[in-house]
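Below is one structure, written out as structure tokens, with a few remarks after it.
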Amino acid sequence: MNLDKLLTRSKLLPRPAIHRPISSSSSAKSYHTARFRFTTEQHQKNSNNNGNSNNKNNSVGVFWDLDNKPPTSVPPYDAAIRLKHLATQFGFPKTMVAYANRHAFTFLPDWARAQRRQRKALDIMESNGIIRSRDPYVCEVCGRRFETNIKFQKHFRQLHEREHHKRLARLECLKGKNKDFFRAKIGPKEDKYRAAASQILLPKEGYGLSGELKRAGFLVRTVRDKPQ
């Protein structure tokens with residue numbers, strides 16, 4: 001659940017001032033300034049009546065340098081989707097790769113630290129009955145509702161995260177056509193789980209940059225900590 005929304009709904013807690021760079025004026029800056037290049041593999045020989053080439057049959061590649069242009073003004077998933085949409089104006093995005101050194105994926109920015117401290121304080125006050133959310137916490141996987149975020153987290157970990165690991169374990173045991181069939185069967189469930197988990201569970205490292213880019217369809221590559 002969005003923290004700003006929760007603070008607005010809470011009656012007894014004033015809104016703290018933290019760094020949340022989500023201004024709409026700078027939202028386009030992240031993906032417009034991202035270092036990428038488009039490599040055209042196919043060209044349309046004939047031009048249309050206006051003299052512009054037809055890009056429908058073109059294939060393009062997007063190469064995102066996260067070390068120099070990380071998504072700072074918008075969430076990583078949103079920045080990746082917008083960059084992908086921008087690439088479609090030049091053709092079909094056949095290849096999308098985001099690369100950075102290990103530090104970029106393990107680094108936790110100040111705004112993410114502030115978010116986690118704020119979330120922890122809210123959880124304590126909710127548990128002690130100091131504040132109460134006007135709207136319940138709704139699980140996007142099963143639809144269940146909870147009064148506190150701690151109960152919501154406990155439900156998600158004990159039920160949905162456990163089911164997720166069981167599905168992956170069974171997938172590893174299968175082979176051939178059975179494996180392909182089971183992967184296709186659990187695909188919608190896994191997509192739904194990952195979308196919900198990205199908003200609920202804290203990443204093991206960093207703030208989930210790698211996972212969010214993968215969810216948006218990018219291949220993530222780790223490069224050496226030396227000038228490339």
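Glycine is treated like the rest: Cβ placed from N, Cα and C.
Per TrEMBL, the features are:
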REGION    42-64  region 'Disordered'
COMPBIAS  45-62  compositional bias 'Low complexity'
DOMAIN    137-165  domain 'C2H2-type'
Helix, strand and coil residues within the domain 'C2H2-type' (137-165) as assigned by DSSP: 17 helix, 4 strand, 8 coil
When pLDDT is averaged across the domain 'C2H2-type' (137-165), the result is 95
